[in-house]
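> Please read through the structure below; I'll follow up with questions.
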Amino acid sequence: MSPKMVAPPTNLHFVLFPLMAQGHLVPMVDIARILAQRGATVTIITTPYHANRVRPVISRAIATNLKIQLLELQLRSTEAGLPEGCESFDQLPSFEYWKNISTAIDLLQQPAEDLLRELSPPPDCIISDFLFPWTTDVARRLNIPRLVFNGPGCFYLLCIHVAITSNILGENEPVSSNTERVVLPGLPDRIEVTKLQIVGSSRPANVDEMGSWLRAVEAEKASFGIVVNTFEELEPEYVEEYKTVKDKKMWCIGPVSLCNKTGPDLAERGNKAAITEHNCLKWLDERKLGSVLYVCLGSLARISAAQAIELGLGLESINRPFIWCVRNETDELKTWFLDGFEERVRDRGLIVHGWAPQVLILSHPTIGGFLTHCGWNSTIESITAGVPMITWPFFADQFLNEAFIVEVLKIGVRIGVERACLFGEEDKVGVLVKKEDVKKAVECLMDEDEDGDQRRKRVIELAKMAKIAMAEGGSSYENVSSLIRDVTETVRAPH
């Protein structure tokens with residue numbers, strides 16, 4: 001990295017295109033605020049449904065004189081074969097609609113370009129999700145740079161790169177090899193996974209999915225650079241190696257969640273929480289330091305009623321306080337809660353029916369463990385809070401993130417899931433985790449033995465590094481300065 005320089009306030013205008021999924025939208029809004037705090041004008045373009053999700057956060061930012069605006073584009077859902085009104089990945093009936101929402105995203109290209117041409121001041125730079133490949137073409141026509149936002153960290157991104165370039169994901173292998181464990185070659189650590197865990201699916205990618213992915217990869221190659229929500233001290237060897245293999249500008253500017261400093265911002269990131277900040281903190285304040293297990297399986301993962309009941313029975317058996325965020329409740333599960341479970345755990349279990357204020361909860365000193373689906377936002381938020389994890393991956397990047405948590409960082413314990421469960425397949429998959437598995441993993445993570453102490457020490461040290469990285473003079477702070485300088489030089493350069 002170049003010598004530390006204080007970047008002067010910028011007057012650049014960044015336009016951000018987040019993917020229509022909670023886990024991609026939330027960090028993009030954080031990035032918008034980080035850039036606006038440096039003086040930039042930022043426009044976020046998304047669908048009405050997602051604009052409504054983040055409007056309170058943006059309104060608070062505007063009230064502090066940050067130059068951020070939300071503009072809406074209507075997703076042509078029915079034209080793309082989606083159910084009417086479906087604007088988000090978490091609204092999809094099943095993963096099989098992935099192709100349709102990709103089509104709907106492609107249909108945004110022309111109206112988005114028309115909107116960009118009308119903006120005043122005109123845009124200087126586009127930052128868009130990896131899965132918006134057409135923004136590279138739009139940026140080229142507007143003669144401005146496009147930066148790619150990659151949701152996961154560099155460990156995952158490098159693993160995928162290695163898997164593709166070494167032909168581990170090639171089509172010439174017998175189908176049975178999908179479940180055989182393979183070692184990813186050339187990595188700083190020995191990482192052994194199955195092919196299906198690499199792609200994070202219950203089946204190999206089909207032609208359409210691979211086509212979409214490769215189109216996004218080609219668009220990334222033609223982009224100006226890559227923005228990653230990580231910090232260099234978390235995964236230094238993977239950051240350096242990924243920069244090398246991509247041979248492209250890259251800025252690690254995370255953990256972006258640390259831009260949330262006030263109670264309302266911590267409590268309302270994305271969807272409105274189903275519990276108030278006051279009630280949540282009051283409950284936590286009454287517990288012992290490091291005693292509470294937080295359980296949340298993300299914004300997209302779904303589990304069957306039978307699996308949820310098994311998880312609940314496991315939580316009941318651990319005899320520790322817990323907060324359980326429960327989403328997508330079926331009638332069967334609602335009945336089970338009312339038939340005695342909530343009453344039995346009332347003194348030590350807080351059930352949040354809906355969205356939980358995750359960063360607020362994780363940053364509370366009474367939280368001693370996090371049972372997580374291993375989405376990257378949850379992973380880095382837990383690290384930032386200094387909380388060790390129990391890993392329960394479902395799909396996408398989550399199995400590789402689990403390997404990073406358990407094998408590379410050594411700050412987590414596996415619950416023991418080996419196969420993916422795509423949303424929409426939860427009833428077919430059934431119960432993968434028994435109540436005994438829950439109890440065993442919690443005891444392993446939170447007991448006061450030497451392994452547990454070492455995990456806690458490691459994650460607390462990483463949390464300190466995260467905060468230093470985001471503070472003035474830290475690596476991520478300097479990388480934001482570098483990003484602004486690089487874009488400024490490109491925009492000002494004669495064409």
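Cβ coordinates come from backbone N, Cα and C, glycine included.
Worth saying up front: this structure is predicted, and the values here are computed from it rather than measured.
As annotated in Swiss-Prot:
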BINDING   Ser299, 355-356, 373-381, 395-398  UDP-alpha-D-glucose binding site
> For Trp376 (UDP-alpha-D-glucose binding site), just give me the three-state DSSP call.
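Assignment for Trp376 (UDP-alpha-D-glucose binding site) reads helix.
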> Sorted by position, what residues of the same chain at least six away from Cys374 (UDP-alpha-D-glucose binding site) have a C-beta under 8 A from it?
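Listed in sequence order: Met389, Thr391, Trp392, Pro393, Asp397, Gln398, Phe399, Asn401, Glu402, Ile405.
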> Counting only residues 6+ away in sequence within the same chain, which have a CB under 8 Å from the CB of Phe395 (UDP-alpha-D-glucose binding site)?
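Looking at Cβ-Cβ distances below 8 Å from Phe395 (UDP-alpha-D-glucose binding site), excluding near sequence neighbours, one finds Phe95, Gly200, Ser201, Ser202, Leu300, Ala301, Ala420, Cys421, Leu422, Phe423.
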> CB neighbours of Ala356 (UDP-alpha-D-glucose binding site) within 10 A?
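Excluding its own Cβ, Ala356 (UDP-alpha-D-glucose binding site) sees 25 Cβ atoms within 10 Å.
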